[in-house]
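Database features, via TrEMBL:
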{"type": "REGION", "residues": "1-40", "note": "region 'Disordered'"}
{"type": "REPEAT", "residues": "43-131", "note": "repeat 'Solcar'"}
{"type": "REPEAT", "residues": "141-225", "note": "repeat 'Solcar'"}
{"type": "REPEAT", "residues": "232-326", "note": "repeat 'Solcar'"}
Amino acid sequence: MELRRGGVGSQARARRMDGDSRDGGGGCKDAGSEDYENLPTSASLSTHMTAGAMAGILEHSVMYPVDSVKTRMQSLNPDPKAHYTSVYGALKKIIRTEGFWRPLRGLNVMMMGAGPAHAMYFACYENMKRTLNAVFHHQGNSHLANGIAGSMATLLHDAVMNPAEVVKQRMQMYNSPHRSALSCIRTVWGTEGLGAFYRSYTTQLTMNIPFQSIHFITYEFLQEQINPYRGYNPQSHIISGGLAGALAAAATTPLDVCKTLLNTQENMALSLANISGRLSGMANAFRTVYQLNGLPGYFKGVQARVIYQMPSTAISWSVYEFFKYFLTKHKLENRTPY
């Protein structure tokens, strides 16, 4: 059921909060959308950033144990004690053999990165989308504009998140020598240098630009179908976000496997591939994955990745849209004389 933005204004004007407009095909609108549509057509930059930060922190916190399983399942040459056949089975085994809190190791550094990264990510996306839609579609909704906006937002997001990803994934691996994020940072910096934190950056971008393009285009398309007046409708945000994340995750799994290898520098895998020193570069990572596991190697952990991304993006969009709605409504009410 659609929630309404009540008590603000008097007439419905078919406007979206992010600046796009809809005619809804000429049909009569649900009365439940009227109060929502009286809000301003554009939320402020601070609103986008605050809503984005909250979405990022909650998304990664709730789904972090599954992310830990995904990292391990993408291992090219796992320890015999770290062979897993399912996400649920892996979680049970990790908790039973390594302790209850083991799947959460590295969560603190991920939360520290996710807040600012998602703040910039959503703020950039909303502003780029509004600007490009005005150019391409005269304030309508252009899927090309949404895809480009998502790609540009990814550049900022990954610049902040890549170091956090490196630390997080090294702490998630089986039998990791790192007991805290700080010790991991010191060790990596001391033995591999600052560049180690950005060794997978180009691969991350190569993965995330198509991922986010597919993600945003699919989300906006589904919103057009199930929420054409773009009201604050939690159910539509959850469904659209979840399906968009699942599709994007499945399509980009091969790139995620290569990114994981570059981030973790998995010792046994590099030894089997006769690689001395450190592995660098996306092309080298692709060759190594194929050399060790063939074509199936590119889809290691695909189940865990989809299971992680589907609720993850659903949480992210529903939390983001809620805070965007709540903060914009709150600011407007504070300016409205009673």
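Any Cβ shown, glycine's included, is placed from N, Cα and C.
Note: the repeat 'Solcar' (141-225) comprises 72 helix, 0 strand, 13 coil (DSSP; helix = H, G, I, strand = E, B). Over the repeat 'Solcar' (141-225) the predicted model carries a mean pLDDT of 91.
Secondary structure by DSSP for the repeat 'Solcar' (232-326): 78 helix, 0 strand, 17 coil.
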